[in-house]
Amino acid sequence: MAVKVAMMSVTMLLLVAVVARVDARFNFSPILNSMLQQTDNSVKKDFDCCELCICAYSFPAQCRCTDNRPYCFPSCKNCLCNLSNPPQCFCYDIAEDCPIKSCWEKDEGHKII
């Protein structure tokens, strides 16, 4: 009986030591990147344009294109596409202004919220 109690105590101490060393944060980035990976089909090669660029009212402003399309514009660095058919992609790059021209060649698509 004493051996069983000693073994349980050692097991509990080891468990506490292992749990104390584990980092409890979980990083979803590798999972999201593998599931929503940008492919060659998700980038349209001919031009950059954004139908609706929204900027947060902050200093400095934080703007991003909110278009959902079957592709991302070529200069997009962070494109996320879902696995639907056709895919729905959006660029989640954040900039201090709206660097991509409107698809309609007007500034109507640039709004501050």
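Glycine is no exception: its Cβ is also placed from the backbone N, Cα and C atoms.
Model, not experiment: these values are computed from the prediction.
Annotated in TrEMBL:
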- Cys49-Cys103: disulfide bond (DISULFID)
- Cys50-Cys65: disulfide bond (DISULFID)
- Cys53-Cys98: disulfide bond (DISULFID)
- Cys55-Cys63: disulfide bond (DISULFID)
- Cys72-Cys79: disulfide bond (DISULFID)
- Cys76-Cys91: disulfide bond (DISULFID)
- Cys81-Cys89: disulfide bond (DISULFID)
- 49-103: domain 'Bowman-Birk serine protease inhibitors family' (DOMAIN)
- 1-24: signal peptide (SIGNAL)
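Locations of recorded TrEMBL features on the structure.
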residue	record	Cβ neighbours (10 Å)
Cys49	disulfide bond	16
Cys50	disulfide bond	22
Cys53	disulfide bond	21
Cys55	disulfide bond	19
Cys65	disulfide bond	26
Cys72	disulfide bond	25
Cys76	disulfide bond	21
Cys79	disulfide bond	20
Cys89	disulfide bond	24
Cys103	disulfide bond	15
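Cys72 (disulfide bond) carries a strand DSSP state (E or B). Summarising the environment of Cys98 (disulfide bond), the number of other Cβ atoms within 10 Å of its Cβ, over all protein chains shown, is 20. Here the candidates are the disulfide-bonded residues Cys50, Cys63, Cys79, Cys81. The one whose C-alpha lies nearest to that of Cys91 (disulfide bond) is Cys79.
The secondary structure of Cys53 (disulfide bond), as reduced to three states from DSSP, is extended strand.
Of the candidate disulfide-bonded residues, Cys50, Cys81, Cys89, the one lying closest to Cys103 (disulfide bond) when CA atoms are compared is Cys50. Here the candidates are the disulfide-bonded residues Cys53, Cys63, Cys89, and by Cα distance the one nearest Cys79 (disulfide bond) turns out to be Cys89. If you take the CA of Cys55 (disulfide bond) and look 10 A around it, the disulfide-bonded residues you hit from Cys65, Cys72, Cys98 are Cys65, Cys98.
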